[in-house]
Amino acid sequence: MAASELYTKCARVWIPDAEEVWKSAELTKDYKNGDASLQLMLEDGKSIEHTLDPKTKNLPYLRNPDILVGENDLTALSYLHEPAVLHNLKVRFVDSKLIYTYCGIVLVAINPYETLPIYGSDIINAYSGQNMGDMDPHIFAVAEEAYKQMARDERNQSIIVSGESGAGKTVSAKYAMRYFATVSGSASEANVEEKVLASNPIMEAIGNAKTTRNDNSSRFGKYIEIGFDNRYRIIGANMRTYLLEKSRVVFQADEERNYHIFYQLCASAHLPELKNLKLSSANDFLYTRQGRSPVIVGVDDTKELCTTRNAFTLLGINESYQMGLFQVLAAILHLGNVEIKDRDSDSSVIAPNNRHLTAFCELVGVTYQDMSQWLCHRKLKTATETYVKTLPRLQATNARDALSKHIYAKLFNWIVEHVNKALITNVKQHSFIGVLDIYGFETFEINSFEQFCINYANEKLQQQFNMHVFKLEQEEYMKEQIPWTLIDFYDNQPCINLIEAKMGILDLLDEECKMPKGSDDSWAQKLYNTHLKTCSLFEKPRMSNRAFIIQHFADKVEYQCEGFLAKNKDTVNEEQINVLKASKVRSTNTGTGGRTRLSIKPDKSREKSSKEHKKTVGCQFRNSLQMLMETLNATTPHYVRCIKPNDFKMAFTFDPKRAVQQLRACGVLETIRISAAGFPSRWTYQEFFSRYRVLMKQKDVLPDKKLTCRNVLEKLVQDQDKYQFGKTKIFFRAGQVAYLEKLRADKLRAACIRIQKTIRCWLARKKYLRKRSSAITIQRFTRGYQARCLVKFMRRTQAATVIQKYRRMYVEKKRYRQKQAAALAMQTILRAYIARQKYQSLLREHKVVIIQKRVRGWLARCWYKRSLIAIVYLQCCIRRMRARRELKKLKIEARSVEHFKKLNKGMENKIMQLQRRIDEQTRENKSVNEKLVGLESSYTVESERLRGELNRLRGVEEQAKNKTNQVTSLLEELEKLKKELSVTQQEKKTIEDWQLETDLNEERSRYQNLLTEHLRLEEKYDDLKEAMASSVSETCHMFSDCLQMITCSKAKATYVITIIHAINTYFPPTLNYFTPQRQELESENKKLKHNLVEMRQSLLGNAGASSGAPGSPAYKVLLEQLNSACEELDVRKEEVLILRSQLVSQKEAMHHKVEQNVLTGIFWTLWSHGAVVLSQNEAGCKSAAPDFHKLNEDGELWLVNQGLKETIRLLEHQLQTQRRTYDNEVEALRGELQNVKEENNRQQQLLAQNLQLPPEARIEASLQHEITRLTNENLDLMEQLEKQDRTIRKLKKQLKVYSKRIGEMGGKREIISQQREKDFQGMLEYKKEDELKLVKNLILELKPRGVAVNLIPGLPAYILFMCLRHADYVNDDQKVRTLLTSTINSIKKILKKRGDDFETVSFWLANTCRFLHCLKQYSGDEAFMKHNTSRQNEHCLSNFDLAEYRQVISDLAIQIYQQLIKCMENILQPMIVSGMLEHETIQGVSGVKPTGLRKRTSSIADEGTYTLDSILRQLSAFHSTMCQHGTDPELIKQVVKQQFYIIGAVTLNNLLLRKDMCSWSKGMQIRYNVSQLEEWLRDKGLMVCGAKETLEPLIQAAQLLQVKKKTDEDAEAICSMCLALTTAQIVKVLNLYTPVNEFEERVSVAFIRTIQTRLRDRCESPQLLMDTKMIYPVTFPFSPSSLALETIQIPSSLNLAFLTRV
């Protein structure tokens, strides 16, 4: 790929900068080959011209796309170079507040100089068991990887923590050890992990000090080996130290301190036990005040000493030894204050009675005279004599300081030795993990012997690191079958040879130390002569002859030769040592190596040999370093590079210059360079296909993803050297991913442009159409206006014409009317006269006609009356004759239908009742009419009175209006106060209720936690007890019992025949019972239909009549018919209800009797037969024991067993069916009663409404209502009849099936005679010796999967309670107690044995709760007896109060519940992250980003990976299992709530720890997954159990990923939305938010600070992660059982034949 393709306009590059090291710029012009410069524009808008190097023509580094910035792994960057690494670290550290970043196999840790909440136990649990690439970078991830590789590969591991002072090495090593101690635990009860952690405060106190760069800088190197056994639990540890900085004891630079232990002792000098040390303030001692900074801000030295002493105690160093150590330390301080004065130029002297020297001598137990002499003198030995030489003051002071350093070094070694002894163990070590906390590369203005050794160690470590990285790269290439080419990398072996080879710097230094007059200057000259011309890495400074320069792998370092020889020799005045050896104080000998003797006299021969062969410090350091490298090479190393971001200890402040120096020094950039030299970017084929699918055409997509990727890459990248195809991955050169990202972005940008073009076209067209429509509308309105104007003109013209026409017409018409009026006046007078004459004649004729009409009417009426009387008499005679004939016929019919009269017996009484009811209604109507007349009169009087009262009140009203305003204001104020008072009372009540509920939950949770701890201790005690007790086997006894049962079980073969005969006897056909009732209902239905037809005909016949007014004959007839129909309907209703009640009662009595007869008959039959057969076979069992195999030759026993099971299952099914039928009938009757009540109310309402209607409408409405009511009742009766017909058909079919089965089974055996009926009391009797067998068969050997699945839910609990009832019935206290104790212990035992099986735990949780509810239900307490039947109340316990045992069983239920939750958590835990976060439920939404060497788990669903469907299936399995076991619904709701809390908490915790999951698309995936969980809740009817609320934090986190995050309004919306998230969680999500595509934007730092400011006042926990171990307090609401104890049958499969029903 040519440079011109990459260095185009708008491409971004990095250019060097003096202040920021690297600065970003953007090309403003395309680069062409041959250009001498680049036209750039900086981020601040400044344009510059960047000149290229004329020799190399190297172009500036390209900048990575924004989508790759902030990656977890630096190797995921497409362009791997120094500015990209520096920028990525800065973005993560400053913007995202992330201190850890991967760089291949290296973890880069930047010191935040601030306490972060990312090291708690919740974080440790979150990283435990996770792959290193699956979570965000963390020191815990490195520790987990080391721990996992140790267990998987059976190979020792090492964690190498390096960095300069102040970078955080010690803290990182400490957290790594804390992780191992927390995750692995210890193999013994000695709390080894606590001892390992306790060594940290001790080593920090004696080996750490404040420097200008770090307040807690380690001034020595240490390698801690943490040992593990074969189960990978901590068994011990061992510590090795390197190069303690002894010079700090006697000298500290400005703003630095001595070792912490000295300041801790000075700060605690006021303690009584430290009074004899004679210490005071740290400013009073020379060795602690030189740095002029005795106090560290935020550190309490007194408390630190307490911590140190507690650590000493924990490691087995008792108080006496601690006081001895403190005496030595105090003596060092006093020795430093001993003032040595000049006596003359060659001698010095100490003033007599020097109080500090006196204190020193007292503390170490030496004489004042000896010590004062040898501090100012030394002994010289020659070949012939020995003489004492005085020392000048300077040499005496140096000798004093050398003695102080020597004492402290010996004390340090002694403490390390005893810490190792305390951490050692007798258990064999299987493997170990070493943690190396060693100084990083150092360079100061003045570098001496210590810096030389430190940099020498870093050269060795860097060499080992390079070789390891090189090896890993080679293994990766070989595994993927990529051609391996040698990568050139920096080899620092020449530098190491310069230091440690023969005639190297260390050899020359040791040689010079052996010279009698050796000096630093002569040694420097030897170095110049030996290496200056032969080694290019060695240089001589221009301006100095006492220094040399070495070119290290990180930088050039100039060392000053002054002091090298003295520090290498590390000599101490031998006479001073002899004085200390003569000490009588134990601690002094301890400090010098002896502990068993009070004084040690050195052996001269050993002293001489040791002097001759004494190794120098350099030689010792080289040997220990060589041993360390051998150890590291034998282990798998893991690297942690600590970076110090700035020199001012400012929180989250990044200094690029300092960071680049350390990156170069710690080897991070070397790792980048090695990776960049090969193929740093690596993608799986599936990831490449998912990411760059947009660059492919449809025809390019093949079924083989590997071939598809190969074809696409060949088209996209022409140079095949830029990539390689491995077995599972595609390898890319540096920059290729950025190029592919550019192509992808261009393709997406082109697609976006096309979409924008189409949308803009659509918007423009829509706008054009809208404008066109507007123009047309304007034109239309304009033209309409013009048309209206024209029409108006035409109308006005026409109106003028019309006006003229009518005006002219009016004039002519007026003239015509005048003429007409004159003519009419004359005609009127003439016609009036003629009319009067005619009227007189007509009047006379009319009067004559009236007289004639009256006379003729009187005559006609007289004739009519005579005719009517005759006709009526004739009709009466004829009707009497016909009635007599009809009476004869009725009498004849009555004699033939006597059965019908019996059915209608009592009908006359009913008719009389109806007649009396009609009379009563008539009287009531009359009284109502009379009352109505009275009310009308009273109303008239009352209205007159009220009018007068109204006039009076109007006057009063006028007076009251004046006072109304005042009263209104007072009332408003009163109402306001009342509302405030009610609101206050409500709030107070709410707060009190909430507080009480909170206290109750806390108390319940605290109690359940204590209960859990108690049960854990109890289980531990039981384990120990079982281990100590000898197991006595009862195998022989059990075998004999089984043999006897098998031998005698043939007697049970006839049980099935007995059961068949009993069923055939006690289940007669009952269909004939329903026949007369059905016929009667059919006849009643016909009568009702006939009456309805008659009423309809009468209504149709009278519809057109005009005589429908009240009082008319038709009205009376209709009213009588209506009343009779109503009364008849009421009578029929009562008859139907009576018949139904009789039918139900008779059916219940019959079923109960049949059931009781069947059960008792079967029981007595089986009992008698079994007793006879068993008694007959008892004798035969013993004699026939050897022939028991013959009993089952033809499978007879199996057939018997199967038949017995089938019969019992059939009886149980019939019993449950009958109970359901009874419940349905009761519900139906209740519904009918409610309907009758509603009908009555509706009738009353209609009557009231009808009274208000006019008479005609009243009759019509009443008749219509009655017709509707009768029709509905008729339909109901028809439906009931059909329902009974279906029931009869169903019963017929069942009887046919049962008769067929009975016929098949009855042909095999003869039926044995029945036994008499017996009424059971719901108790089970057993013998005391059978108690163990009962517990064993019912609890220990009962398996939920299999036999228990087919049982009644809670059957074991019912059986145990029935046994307990019998013990209570016989008043056997011991039997009650032993039964309850055995039950509780057995349940605990089975849960301990099979506690990981969910079905077992769920089964016994349901049974334990049912047993607890039975104890409450039958306890006799009125609060628990409300829902009992009378029969159940008779079964209550009568002799014992088992309240204490109820509490014990409740505690047991709590324990089982917690074990159930743990079991579910263990099953769900592996599914949650994969199903909720990683799996793409909505395919194609999430984009796969480039990843580095630490590959993450693929989100593509492979075989074996968990999906959301896996979680839902598992939840459904949990729910169905609990429902099958009969668990209480309220308890199921609590379990589901806990399940959803675990899902939400684990998902949210992983989201907060995984940067790659915090994107917009992942938020959509999470919300979809949560909606699926809610849908599952809705399907199961569990929406009100509170489970949805537990997912609220996860829902809000997903919403937070999707909402806008730019403006202040967005910040306000986020604060109001995310109420279930803490401030730390919100800020963490915003910091981790990562765009997957270039079109998304990162969250700005200013926006995050705005969020923090708005949430500053929240009172909440600072904890980042949710507590996944939290369990909601469980409650067991009382749930009584409706099952009658006497109806429970015990299946034979439980092997409980020794129980007797009572």
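The backbone N, Cα and C atoms fix where each Cβ goes, and this holds for glycine too.
Mean model confidence for the domain 'Myosin N-terminal SH3-like' (8-60) is a pLDDT of 86. The feature domain 'Myosin N-terminal SH3-like' is assigned by TrEMBL to 8-60.
As annotated by TrEMBL, domain 'Myosin motor' applies to 69-745.
According to TrEMBL, the ATP binding site annotation covers GLY163, GLU164, SER165, GLY166, ALA167, GLY168, LYS169, THR170. The Cβ of ALA167 (ATP binding site) has 25 neighbouring Cβ atoms from other residues within 10 Å, across all protein chains displayed.
Annotation source TrEMBL lists region 'Disordered' at 585-614.
Residues annotated as compositional bias 'Basic and acidic residues' in TrEMBL: 600-610.
Residues annotated as region 'Actin-binding' in TrEMBL: 625-647. Packing against the region 'Actin-binding' (625-647) from elsewhere in the chain are residues 89, 93, 103, 105-113, 139, 142, 145-146, 149, 153, 155-169, 172, 176, 212-213, 223, 240, 242, 434, 436, 440, 456-457, 460-461, 464-465, 468, 653-655, 658-659, 662-663, 666-668: each is 6 or more residues past its ends and has a CB under 8 Å from a CB in it.
For 897-1027 (among others), the entry in TrEMBL reads coiled coil.
Per TrEMBL, coiled coil is recorded for 1201-1301 (among others).
Sequence-distant contacts (6 or more apart, same chain, Cβ under 8 Å) of GLY168 (ATP binding site) comprise ALA109, ASN111, CYS642, LYS644. The Cβ of THR170 (ATP binding site) lies under 8 Å from the Cβ of GLU204, ASN208, ASN216, SER217, SER218, ASP437, each of these being in the same chain and 6 or more residues away along the sequence. Look at the Cβ of each of the binding-site residues GLY163, GLY166 and count the other Cβ atoms within 10 Å; the largest number goes with GLY163. Put plainly, the binding-site residues GLU164, SER165, LYS169 were compared by Cβ crowding within 10 Å, and the winner is LYS169. Taking the centre of the Cβ atoms of GLY163, GLU164, SER165, GLY166, ALA167, GLY168, LYS169, THR170 as the ATP site, the nearby residues of that chain (Cβ within 8 Å, site residues left out) are ASN111, ARG213, ASN214, SER217, SER218, GLY440, CYS642, LYS644. In the region 'Actin-binding' (625-647), the DSSP tally of helix, strand and coil residues is 9 helix, 8 strand, 6 coil. For the domain 'Myosin N-terminal SH3-like' (8-60), the number of residues in each DSSP class (helix H, G, I; strand E, B; coil) is 0 helix, 24 strand, 29 coil.
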